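Following: one structure in structure tokens, then a few remarks.
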């Protein structure tokens, strides 16, 4: 998202233009009544081209940038329609401020803090820019320079927020402390600062262009639009490539967001940047139709981008209650105590059963099947007559894989055969054995086994 219109003093940079149609068309060389010859040649049989309706649409897209509110106010329509939604969203953020602060204090997520800061800062800077622009007469050179500077600042903040959102979204699993967040932020600044520097050079006319040929790279005429077309097209390709990442083999390098909201966010940014690039290209070739593409995409960008960030990355996270035990199930590669390096993944076990709702679900996973049998004569399941009179393992274990030290065999053929054999055996007179704990090498220790108790103490 770069300049809006290089001859529009209220939205970007350029010479001051009076609020009249004739002056605007003469200075900008964009006519709302006729289309360029290349459009007539491209669409020779389209009656909508240069029709009265088409001229009205072109005129509206042009007037909204420069016309001011009636009643003697110096406020432009463009500033007003951007300011009002941002103020409403800021009021919404203020109402949510208490819950946001509590969530940030109880949680330990630097990414959440970074996203929250991006939303609040972007909204405040946009409101300050709109409010200050309303007080400018735009006829004084100093005030015009201040307005230009504010537009560059707000676009710098928004571009930085874009790259931060992409970085945090794609590297969420790797950003677990403030240092990693700072490194990611510095990486985004390496892209946004050069982009803004080129904008400053073009819009402030810092470089003397007398030595440049009169081509599309002429800074005073079309250089800004060419840069706009190129930057918007590159951003659209970046977002489109990110949308295609789940289709390529890159899962081992980055943890891609699985939420559909992130893909919707990328899709919206692709559409906005494509519209920006198309609009700038049309204006570059002297077609006033580009003003409509530019106006719609720019308005959506400066009004809806902070809310999009909030509802995509923050809303669900801020609504969830703090969970102090979530750190127990966070994956973190263990370090060897002797300092020899990382331990292999198969060294430490993973107990998927720990996430079950109750303790019995882990250790007594097939209770009904073990203590009942099917009676053919009665055509129903009845309690086993040898209930609590036979010895049975508390849980089936397996060390066949390094994936876990405890592996249930629910539903397997071996377990079904073992269960049926136990149910068919007569009672041996043994009583229920109570589990005391785990002994060496994962063996089960029972209360009535003295040798096992001795090994447990060891």
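Here the Cβ of each residue, glycine as well, is placed from N, Cα and C on the backbone.
Per Swiss-Prot, the listed range annotated as transmembrane segment is 263-283 (candidates: 53-73, 263-283, 326-346). It is 181-201, from the ranges 181-201, 202-222, that Swiss-Prot records as transmembrane segment. Checking the ranges 5-25, 26-46, 152-172 against Swiss-Prot, the transmembrane segment annotation falls on 152-172. In Swiss-Prot, the region 'Disordered' annotation falls on 409-458 of the listed ranges 359-408, 409-458. Through the fold, the transmembrane segment (263-283) approaches residues 1-2, 5, 30, 162, 165, 225, 228-229, 232-233, 235-236, 239-240, 242-243, 257, 289-298, 300-301, 308, 312 of its own chain, all at least 6 residues removed from its boundaries and within a Cβ separation under 8 Å. Within its own chain, the transmembrane segment (291-311) has Cβ neighbours under 8 Å at 1, 4-5, 11, 30, 57-58, 61-62, 64-65, 81-82, 85-86, 89, 93, 115, 118-119, 122-123, 126, 154, 158, 161, 165, 261, 265, 268, 272-273, 275-276, 278-280, 282-283, counting only residues six or more beyond its boundaries.
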